[in-house]
Amino acid sequence: MKFALSLALVAVAVASSTAADDNCSFGCLDVYKPVCGSNGETYSNSCYLRLASCKSNNEITEAGGGECASTPATPSPVKSSTGSASGTVGCPDACLDVYDPVSDENGVEYSNECYMKMAKCKGPNDNDNKRRDNPGFSTLDAQRKLAFAPGYQGPPCGDMLCPDNYAPVCGSDGVTYTNECNLGITSCNHPEQNITMVGEDACPTQEQQQQQQQQQQQQQQQQQS
């Protein structure tokens, strides 16, 4: 009787684990809007926090906006939203899109130290179709850029991937996107919002907006006087 009960408990545990994995199959956009989890870890955005909570079977809640106080300045490798393993053993599978530029011994600049380690680890023979941080502009990047041109008849926006390079742009929705491609995918997925690029840099903070408004008011007063 005890043996049968033990088997039943194991079966329930396996079924619960399988169900949890099936429910965690959603992906997240690489928009860097950091949040601090209740476990002390910093996540790229709220979606990645929910994904980690789902996969770990432990409830991780959002403790606050922005990076956790204990998070180191240098971003550490994190697993991708698909959970796929890296093609080379020991190589980072993905990196946080934190802009903390570093240069290697050849003077090539990378978004942060994690991306530099990824490039060095995987080597120059990686297939160009794989997501990677590259300061250059490949043919594949050009094709992705053209994908959002008027009249494009390519694959659905949900099937497209963007390079991991950090070249921030500001969207008309007030969100900073890691690059123009990610903004395009979001705009494609939410056509009702009509999201466009309003600046080739990170969106200004509320404090910066207030400073700009004050400067404009001062200029207007000077012109009137």
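Note that Cβ sites are derived from N, Cα and C of the backbone, with glycine treated the same way.
Unlike curated records, TrEMBL annotations are generated automatically.
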Original post:
Which of these ranges is annotated region 'Disordered' in TrEMBL: 65-84, 105-124?
Top reply: 65-84
Original post:
Reported in the order helix, strand, coil, what are the DSSP residue counts of the compositional bias 'Low complexity' (206-225)?
Top reply: 19 helix, 0 strand, 1 coil
